[in-house]
Each structure stands twice: as C-alpha cells, then as structure tokens.
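Below: the structure, in structure tokens.
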Amino acid sequence: GRMLGINGRSWDDMGSMRWELVGCLFLAWAVIAACLIKGVKSSGKVVYFTAIFPYVVLVILFIRGVTLEGAMKGIEFYILKPNMTRLMEPEVWNDAAAQIFFSLSAAFGGLITLASYNDFKVNCMRDAILISFCNCLTSVFAGFVIFSILGFMAHSAGVEVGDVVTSGSGLAFIAYPAAVTMMPLPPLWSCLFFFMFITLGLDSQFAYVETLTTGLFDQFPVLRNHKPAVVVSLCSFLFLCGLSFCLEGGAYMFELFNWFSGWLSVIVFAVLEVVTVSYIYGFKKFMKNIREEMGVYIPGFMYVYWASTWLFLTPCILTVVFAMSCYFYTPAYYSDYVFPPRIQWLGWCLVLASLLCIPAAAGYQIYKTRNLKELLGPTEDFLPAHVLALLKSERKAPEPSIRYIYDNDSFYDGTVTMRVGENPTTETDNSNNRGSKRNNSNLSDSSN
C-alpha cells in the first residue's frame, strides 16, 4: 500500500505526483541509457549479469520456500491438484497466450532486432528450440517458488491457497510482499526478490529500446552517427511518458497498459508475420534460405514440425485465441474496481494505435511504389549483410575506362589507355614493356 499509494483513488481523482517513484523511474531510465549508449556490445556485457542473477535468486528462494511450513500445500495446489475446468474459460487461454508472448518477446520486434546482430551462419533453428524450452521450464520452476511461499502464506493465515492466490501485478506487489514479511529475515528476502524483478525489467527494456533505436537508424541512416544522442533522447522521452504511472493512482494507469498494450495487437502482429513469411514469401523459399545460404542442418522430422506449425497450427490457434478474446472480452479492472467505460475506450485506443500502423505503412508503400507485385516479393537488397556490403563496395569502385591523351604518352595505372590513332589492344599489350620511362614521360608532359 505504501508503494502503490492507491487508497481512495480513482480515474476521476488520480492524486498528486509521488516524487520517490519519479526518482526511481529516472534512475531506471538512466541505467538503460547508460547500458545502451554504445549499442548491443555494451548491453550484451550487462545482460550476462541481469540474465543469470534471476536464476540464482530463484534457486535461493526455492530452497527457502520448500522448507517453510505449508509449502507442500501450495505446491499441491499448483501442480498436483490442478483445476482442469479452468481450461474451458477463454480468459485462461488469453492469459496463457499473453504470457507466452511476453516471456518470449514474440512479435514485439526484439527477437528480430537482436538476431540481426548474430553471425550469418548461426544455427537459428537450434536457438529457437532451446530458448523456447528454457523459457517454459523457467516459468514452471518459478511457479514452484511462488506457490511454495503462497502455501506458507495460506497456512499462516489459516485459509485455503486459492484464497491468497492473485494474478497480474497484484501477485508481485501485494501477495508476495505480504508473504515475505511473514518469513524470517524479511528484509533479506524482499531485497533479493525485488532486485531480481529489477534485473528482469532491465532485460526486457534493453530489448525494447534497442528495437526502437534500430528502427530509427534503419529509417533514418544519418542518425547512426549520433547514437548516444538518439539513445538519451529516446530514454528521456519514454521517461516523460512514464510520469503518469508515478501518480498516487498510477497503478490504474499501469494496469490499463498491462491489460491492453500486449494483448490483441501482438496476436495480430504474430499472425501477419507468420502468414507473410509462410504464404506470401513462401515457406519452401524461406527454408531454402536457411538450409542452403545459412548452412543450417534441418532433419526431416524438424522440417515437418516447422511446416505444420508455420503453415497451419500457429496461424489457426492464434486466430481462434484472437476471436475468443474479442467475443468473451472482460472489461479491465484492478482488484474490485472496474474501470469506467471511457477508460475502457482509452484502452482500445491503445490497441488501435499500434494496429493502424500496419495499413498506414502499407498504404504509404503502395503509393510510393505503385506496384503491388513488387511489394509482395523480396527487394534487391534482401541479401546477407556481408554480401550486401561487398556489392556496395564494388559499385563504388571505379570501372575500367579508356582515356585519350593526345600527343603525350600515357601511363598504366590499372585502366586501359591509348593515344589517338592507336589500336587499344596493341597499346594495352605493349604497356608493360614501356616501363618506368613511360611513367616519367607522362608525368613530365602532364605537368606542362
């Protein structure tokens, strides 16, 4: 309650600014700017710590959690006695899809941005499978940590685990802080838990901010020479946008963004991406790029897996989830406070703000090229970065030419030269026999 400060607040009265939160927000964005100011090389070194530290904390909290009285009660509720009837509720599938998108950062642009810095021959198929498995296993393991402590919390309060379980931001900011206060040495466990949260948040922000800066640099190449200024300006702008979350009722604004920003729009992006690659560009052509150009070995059973998921399962499942989410739409709320209708419309505006960028960008490209067929195929620069750089360097190199020098001898400098009236072939063949005398003659005559 002290940190959230939402007592008695509503959308009609968001209260005043909480300056301690403003200071924390500024510090967070300052850290992000400092880590990204030199690009992925500097942020990559920081990620070694921010990515590994949460696992260390999870292991520590797991060992501590399972030794608490009542921990097995929470683990039974989590994994041994699941409520299978919840699978019939559309909200559960919607939350599951949102969890996968957020945890994997799929369709947010971060994966594509960071993957563009890999070596061209990297085994992207192996990395995709490995990261997906590690992500899901981490989520399952984190569930043991959380529910062991929730079981202890329920045992201490003398209630059922289901009565203390909550979802969304309430789990991180209400249920878990309340649980650690009941544990021995609560300051220690609180510091570990929330420092883990900070490192996880920094990891996510690194990817999102790097995605935005990369998009700006690709759209406006002149900005690449001013990367530090661009990073600082972008982080400053995002800091100002986040000030609304620092009001006394800022938790409502946070929940609104959490409810709408990574929901329907991300599902639409994912469907469009997989359909564009698999059907418009062509699944076979894309797999040929990966196998023959990148040199990635794909066994037959994996080829069948990618074909079935990309061509059928993924677009169909996501389309069904999207339709169910719209049909069984639940208004945004926080605890027992359901947001008023005008705020619900504000949330839908957040969804539309990102979705409308797709037809807007498509319309601009169609107007610019006026050739729909050209837009449905790869461009001339759809090549590996090293091949594209080589071609550009060859285009800049001077092409062999024939220079005419009237009464003076010419010197051979890699171009074909001749005097007026002479045969180019003969002159070229004899150029090597004239030696330094010819070079000296040309230089003295040219100076005259």
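Placement of Cβ uses the backbone N, Cα and C atoms for every residue, glycine included.
Non-local contacts of Asp203 (Na(+) binding site) by the CB criterion (under 8 A, 6+ apart in sequence, same chain) comprise Val47, Thr50, Ala51. Look at TrEMBL and you will find Ser103, Asn135, Leu200, Asp203, Ser204 tagged as Na(+) binding site.
Per TrEMBL, compositional bias 'Low complexity' is recorded for 430-448.
Under the heading region 'Disordered', TrEMBL lists 419-448.
Remote same-chain residues near the transmembrane segment (21-40) are listed as 46, 114, 117, 198, 201-202, 205-206, 209-210, 213, 227-228, 231-232, 235-236, 238-239, 242-243, 245-246, 250 (criterion: CB distance under 8 Å, separation of at least six residues from the stretch ends). What TrEMBL records for 21-40 (among others) is transmembrane segment.
Here TrEMBL flags 46-63 (among others) as transmembrane segment.
Taken from TrEMBL, the feature transmembrane segment applies to 96-117 (among others).
Sequence annotations record features per position, and here TrEMBL assigns transmembrane segment to 129-152 (among others). Here the transmembrane segment (129-152) has long-range neighbours at 55, 58, 61-62, 65-66, 68-79, 99, 103-104, 161, 164-165, 171, 175-176, 179-180, 182-183, meaning same-chain residues at least 6 beyond its ends whose C-beta is under 8 angstroms from one of its own.
According to TrEMBL, the feature transmembrane segment maps to 230-254 (among others).
Positions annotated as transmembrane segment by TrEMBL: 260-282 (among others). Long-range contacts of the transmembrane segment (260-282) within the same chain: residues 94, 97-98, 101-102, 106-108, 310-311, 314-315, 318-319, 321-322, 325-326, 332, 347-348, 350-351, 354-355, 358, 376-378, each at least 6 residues beyond the stretch ends and with a Cβ under 8 Å from a Cβ of the stretch.
Within its own chain, the transmembrane segment (303-330) has Cβ neighbours under 8 Å at 90-91, 93-94, 97, 125, 263-264, 267-268, 270-271, 274-275, 277-279, 283, 287, counting only residues six or more beyond its boundaries. Summarising the annotation, TrEMBL assigns transmembrane segment to 303-330 (among others).
Listed as Cβ neighbours of the transmembrane segment (345-367) (distance under 8 Å, sequence separation of 6 or more from its ends, same chain) are residues 256-257, 259-261, 263-265, 268-269, 272, 332, 339, 375. Here TrEMBL flags 345-367 (among others) as transmembrane segment.
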- Note the Cβ centroid of Ser103, Asn135, Leu200, Asp203, Ser204, the recorded Na(+) site, then list each other residue of that chain whose Cβ lies within 8 Å of it, in sequence. Phe102, Ser105
- Message: What residues elsewhere in the chain lie close to the transmembrane segment (96-117), defined as a C-beta under 8 angstroms and at least 6 residues from its ends?
- Response: 40, 124, 131-132, 135, 139, 204, 207-208, 210-211, 214-215, 262-263, 266-267, 269-270, 273, 318, 321, 325
